[in-house]
Amino acid sequence: MAFKPDHELHKRRFGRNVGLGITLAVFMALVFGLTIAKVATGPQLKAPSASTEITE
Amino acid sequence: MTDIRVFTETGEAQFGDYIALLKPRVMSLVVFTALVGLLVAPVPVNPFIAFTSILFIALGGGASGALNMWWDADIDAKMRRTRNRPVPAGRIEPGEALAVGVALSGIAVVMLGLAANAFAAALLAFTIFFYVVIYSMWLKRLTPQNIVIGGAAGAFPPMIGWAVATGGVSIESLLMFALIFMWTPPHFWSLSLFMNDDYTNAGVPMLPVARGRKVTRAHIMVYTILLVPVALAAGFTSIGGPVYLATSIVLNLGFLLGAWRIWRRDEVMAQADGYAVEKKVFRFSLLYLFLHFGAFLAQAVLRHYGLGGW
């Protein structure tokens, strides 16, 4: 099955579609990086140890 | 068919037009002052969190620029300086500028809240509201003091940067706000003296249009005098120091001298030399703000190495 040829609109908007794609990729990278930074700098979560539960 | 013809006549909006919608030149001032506000704060911030926070503050500033372009498209079309902006030039529909502005405002505020804290996000939301609703929609076309009020919107970024680090407000962040707030009127009025025709055509009640050039010259002098104590006072807080104070004294003397020269001139003298003094003071005012914030930064670096500071 052959792909349909690009509509003229696709050619005309190629530049802005690529720009938007790059913007979204950067946004994803920022959210990911922010998550890593938050996890690394946030309060350290610690599971309650078994020995604590026994002594209580 | 009609729609297609309109598009081909006005040109398709390219990605660069959407960037232009965010007023990148204004954004550069927002980025610089917010970054200084963040870096001089006494609380260290993770570099990546600092980077994303500045980015979303800039995005918020850009979003308010897009909303301003949506609202002011009619007057932008009448001014030589602004008629080629994407909305008045017809490359972006006004409704599209509104949608981009609202969407980016929401993204910027929510993301700053997640990256930094709720207070910084609330301050960014208030800044956008202040610039778009209080300044653009309400006061810009109503009062010749529009630039005084509009200056407040441009003065918030260092406070937001400070809030990213500290989660609050302090005398230091208030003085950084006051510095930009008091600097804006003489800066813009010196521009409006030699760009007056634009504002007259657009019917915006800028001070030279509404009250005359002589009054504007006096206002520049008065506001520059009021700016001096604010700029110097910041030098005696925890973000100041000898380097800042020395820089500020020199710059304030220069600005006072320029304002005094503008005040002493009349229109005949100004037209004779093509507004040379007014243009020079306008350029100096840009340097004035840049070097003041640069001096805050220099003080912070010196303090880091145990030098400078009080």
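From the backbone N, Cα and C atoms, a Cβ is placed for every residue, glycine too.
For reference, TrEMBL has these:
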TRANSMEM  B:26-43  transmembrane segment
TRANSMEM  B:49-71  transmembrane segment
TRANSMEM  B:92-112  transmembrane segment
TRANSMEM  B:118-139  transmembrane segment
TRANSMEM  B:146-165  transmembrane segment
TRANSMEM  B:171-194  transmembrane segment
TRANSMEM  B:215-237  transmembrane segment
TRANSMEM  B:243-263  transmembrane segment
TRANSMEM  B:284-302  transmembrane segment
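Tertiary neighbourhood of the transmembrane segment (B:118-139): same-chain residues 53, 56-57, 60-61, 63-64, 67-68, 71-72, 101, 105, 108-110, 112, 145-146, 149-150, 152-154, 156-157, 159-160, 163-164, 167-168, selected by CB-CB distance under 8 Å and a gap of 6+ residues from either end. Distant neighbours of the transmembrane segment (B:49-71): 21-24, 26-27, 30-31, 34-35, 38-39, 85-87, 94-95, 97-98, 100-105, 107-109, 111-112, 115-116, 120, 124-125, 127-128, 131-132, 136-137, 153, 157, 160-161, 164-165; these residues of the same chain sit at least 6 beyond its ends, with a Cβ under 8 Å from one of its Cβ atoms. With respect to Cβ pairs under 8 Å, the transmembrane segment (B:243-263) is most closely packed against B:215-237, considering the stretches B:26-43, B:92-112, B:146-165, B:215-237, B:284-302.
Within its own chain, the transmembrane segment (B:26-43) has Cβ neighbours under 8 Å at 50, 53-54, 57-58, 61-62, 65, 154, 157-162, 164-166, 172-173, 176, 180, 238-239, 289-290, 293-294, 296-297, 299-300, counting only residues six or more beyond its boundaries. Listed by sequence, the residues of this chain that lie at least six past the ends of the transmembrane segment (B:171-194) yet keep a Cβ under 8 A from its Cβ atoms are 33, 36-37, 40-41, 147-148, 150-152, 154-156, 158-159, 162-163, 206-208, 213, 216-217, 219-220, 223-224, 226-227, 230-231, 233-234, 237-239, 255, 259, 262, 270, 275, 278-279, 281-282, 285-286, 288-289, 292-293, 296.
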